[in-house]
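Below is one structure; the comments refer to it alone.
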Amino acid sequence: LAGAFCIPLYVPYVLTGRWIFGRSLCKLWLVVDYLLCTSSVFNIVLISYDRFLSVTRAVAYRAQQGNTRQAVLKMVLVWVLAFLLYGPAIISWEYISGQSIIPTGECYAEFFYNWYFLMTASTLEFFTPFISVMFFNLSIYLNIQKRTKMRLDVFHEVHNQSFSEEMERSREAKLSLKCCKWEQKESAETLDISKSKAQATASTSSLDAKDLLETSSESSRKPKCCNKKSCKNSASTLSAEKRVKIVSQSTTHRFRLSRDKKVAKSLAILVGIFGVCWAPYTLLMIIRAGCHGQCISEFWYETSFWLLWINSAVNPVLYPLCHSSFKRAFIKLLCPKKLKIQPHYALQN
C-alpha cells in the first residue's frame, strides 16, 4: 500500500517542491501514510505478543489456535487503533483550531509543529511499542535460555546415571567372571580328587574307575554359570545399547539448542531493524517540532522519513527469512501453484 499509493504521490512533491494534487487528496494521502506506518508498528507488537504467548503459555496458545474470530478481531483492532492515533487529528485539526496553517502548495499535517501532540503521539507510536517489543522478545529469549539450561541439566543427569549404571554392570560382569573362574577351578579340583580316588581303587575295579573318570570329566566341562566369552558379550551388548541412547540424546539436545539460538538471533535482528528504522524519524520529528524546523537539516529529516517506508518494505522480507512458517504462508499467498507442485520444497524451506 505504501509503494502503490504513498510513494508515487510523494515523489513529485519532493522533486518539484510543490503539492499539485489538491487539498482533499493531500489529507487522504496524510491519513493513509500515517495509518500505514502506525499499523506497521502495531502489527510488529501484535506478532511479538503472539509469539510471546506461544512460548510462555504453549498449552493455552495451542488450545486457541483454531479461534479464527479472535485472531481477526486482534488484526482489525490494530488498524482501528492506528487510525485513531492520527486520523481524526489530520481530518479535523483545522476545524477545531479555526484556521489552517498550511501554505498553498504544501502538504503536511496541521500538528506538524505542535510539540505536545507529537510527543504524546510518538510515545504511543514508537516508545511504548518499542519497549513492548523489547519486553516480549527479551522474555522469549530468557525463556529459551531457561529451557536450554534445563535440557543441559537433564542431559548431564542422564549421562551421569548411565555412567553409574555402566559401572554397576561392569562390577557385575567382573563378579560373574570371578564366579566362572572359581567354578572352573572348583571343577578342576574335583576332577583331581576324582582321579586320585579312581587310581586308588583301580586294583579293585578298573571299570568303576573308568566310569568315575568319565563322570568327573563331564562335570568339569559343564560349569554352573556362563563362561567367560558369554559374560563379555553380555556386558558389551549392554554397553553398546547405552552408548547409542546417550548419542541419540546428545544429538537431540544439540539440535534443540541450535534451533533456540537461531530463534533468539532472529528476534534480535527484528528488534534491531525496527529500532534503526523508527528511532531517527521519531527523535528528529520531536526536535524539529520544538524548534519549528530551524535546527534540523532538511536532508536528515527526509532521510529519516524514507527509513519508515524502507521498514515497511523490509519487514515482509525479514519475517520469511527468519521463520519458516512465514515463508510457507508467503508461498501459499503469492505462489499457490508452486506450493501444490512442490509441497516438500515449501515445507523444507
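Each Cβ is built from the backbone N, Cα and C atoms, and glycine gets one as well.
Heads up, TrEMBL stuff is auto-annotated, nobody curated it.
The domain 'G-protein coupled receptors family 1 profile' annotation in TrEMBL covers 1-319. Marked as transmembrane segment by TrEMBL: 28-50, 71-93, 113-142, 266-287, 299-322.
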(Q) With Cβ-Cβ distances below 8 Å as the criterion, list the same-chain residues six or more beyond the ends of the transmembrane segment (266-287) that contact it, or say none. (A) 41, 44, 115, 118-119, 122, 125-127, 130, 133-134, 137, 140-141, 295-296, 300-301, 303-305, 307-308, 310-311, 314-315, 318-319, 322-323
Q: Please indicate, using numbers and ranges, the residues of the same chain that are 6 or more beyond the transmembrane segment (113-142) and have a C-beta under 8 Å from a C-beta there.
A: 38, 41-42, 44-45, 48-49, 51-52, 55-56, 85-86, 89, 101, 263-264, 267-268, 270-271, 274-275, 278-279, 282, 285-286, 288-290, 292-293
Q. What parts of the chain pack near the transmembrane segment (299-322), using Cβ distances under 8 Å and only residues at least 6 beyond its ends?
A. 2-3, 6-7, 14, 36-37, 40, 44, 47, 266, 269-270, 273-274, 276-278, 280-281, 284-285, 288, 329-330
